[in-house]
Amino acid sequence: MSAPAVSQGRNVVVIGTQWGDEGKGKIVDWLTDHAQGVVRFQGGHNAGHTLIIGGKKTILRLIPSGIMRDGVACYIGNGVVLSPEALFKEIDELESAGVEVKSRLRISEATTLILPYHIAIDKAREIKRGAAKIGTTGRGIGPAYEDKVARRALRVQDLFDPAYFAERLRENLDFHNFVLTQYLNHPALDFQQTLDEMLPYGERLAPMVTDVSAELFAANAAGKNLMFEGAQGTLLDIDHGTYPFVTSSNCVAGNAAAGAGVGPGQLHYILGITKAYCTRVGSGPFPSELYDADNPARQDPTGVRLANVGKEFGSVTGRPRRTGWLDAAALRRAIQINGVSGLCMTKLDVLDGLETIKLCVGYMLDGKSIDILPRGSDAVARCQPVYEEFPGWNTSTFGLKEWDALPETAQAYLKRVEEVAGIPIAMISTGPDRDETILLRHPYKD
């Protein structure tokens, strides 16, 4: 028997190193010049990737950012949880804007479906939690992953067998309606109405459904480059994030293998995305926090400025993001977990005009000095940040495309981030448009 073909294409994983919203969408779009396929491997439509192309803003939630490049194939892997309603709404929005989607989008038959009862449970739980809410987007992501782990999930391929789908749906509704009515004080969902809503999606999805794992292997064997587009960020990872204030999937680079069906040896370069400062949406500890719109005790003027200049509002929820200084100790944890090859720093221009810039390089935790983010939200909440201070710069970095054009103080700040992180900065984003980028090392070439 002959050995499997060795990958000839080069694969890059783009991963968030913070609490999401790092600017991954723009970077994926920029790098897609050198990739023939872009893959989503986890999460659902709770993550919004914002792209500014030619001054026009596009927000993608499910479909990979590569869809904005003509001729690039886009894949939704088995690790994603899929809302057909959200998917087709996004497809309609893109195609009405002249973007061809259906002929370029491929969906794994093993992808877990989000059903109406997942959304109902998600919203009802947050209401019941009250002040202790996690801060989910209410889109059914967590409950869908729960069903997957409990081995009762319905998958895309199940839509192609209506009798089987109906049987499994009835079983699931019996279970979830009990939870809704008896524990969450929510009305039961109707079986027939749910079935009638879901079954027609089978015919609409069928032309896009394929064996994604096999197609990715074949693409690499043919010499094509692939990009794996992470959603959310490392500090929201179900295992490695600030648990329990996390998302319901693994957001780290290693999950690109499991969530798309490729071997881990096929992940050749890990590009970690970090803002020049930190943001977080929803609840959970944030050691270097300066500003939280919902917390009167967190109204530092610099944090307010970061939020306003950086336009820090959730692209999916519209919720204001909490802001703070860049946390290099948390970044160090993310780099280790992901095996990051190089960093891309985004939104450097948001720091323009600040007299002083701070960088969190460690913490005091229960009287001890540590230089890496601890595990678990309780420990993180007790961390007191240890800062280094840097002089700011008054000249604008917006839109710059060359390292030498950066102010010397900005260069010094970036070099110190590299030193603390222990890996090089490969790219710097100086604005929202794809061309407002400084390239130092190319993930597909260096």
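Residue 1 is the first one shown; counting continues down the chain.
Glycine too: its Cβ is placed from the backbone N, Cα and C atoms.
Lifted from Swiss-Prot, the feature list:
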type	residues	note
ACT_SITE	Asp21	active site, proton acceptor
ACT_SITE	His49	active site, proton donor
BINDING	20-26, 48-50, Arg321, 347-349, 429-431	GTP binding site
BINDING	Asp21, Gly48	Mg(2+) binding site
BINDING	Asp21, Glu22, Gly23, Lys24, Asn46, Ala47, Gly48, His49, Thr137, Arg151, Gln232, Thr247, Arg319	IMP binding site
BINDING	Ser315, Val316, Thr317, Gly318, Arg319, Pro320, Arg321	substrate binding site
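Annotation for Arg319 (IMP binding site): spatial neighbours Val281, Gly282, Phe313, criterion Cβ-Cβ under 8 Å with sequence separation of six or more. Here is what falls inside 10 Å of the CA of Gly20 (GTP binding site) among the binding-site residues Asn46, Thr137, Gln232, Gly318, Pro320: Gln232.
Looking only at Cα atoms, Gly318 (substrate binding site) sits nearest to Asn46 among the binding-site residues Lys26, Asn46, Gln232, Leu348. The recorded positions listed here (Asp21, Lys26, Pro320, Arg321, Leu348, Thr430) include Asp21 as those with a Cα within 10 A of the Cα of Gln232 (IMP binding site). Counting other Cβ atoms within 10 Å of each Cβ, the binding-site residues Gly23, Pro320 show the lowest value at Pro320. Among the recorded positions Asp21, Asn46, Thr137, Pro320, the residue whose Cα lies closest in space to that of Thr430 (GTP binding site) is Asp21. Counting every protein chain shown, the number of other Cβ atoms lying within 10 Å of the Cβ of Asn46 (IMP binding site) is 27. The DSSP secondary structure for Gly318 (substrate binding site) is coil.
In the structure shown, the C-beta of Gln232 has more C-beta neighbours within 10 angstroms than that of any other entry among the binding-site residues Thr137, Gln232, Thr430. When the binding-site residues Thr137, Pro320, Arg321 are ranked by how far their Cα is from the Cα of Gly23 (GTP binding site), Arg321 comes first.
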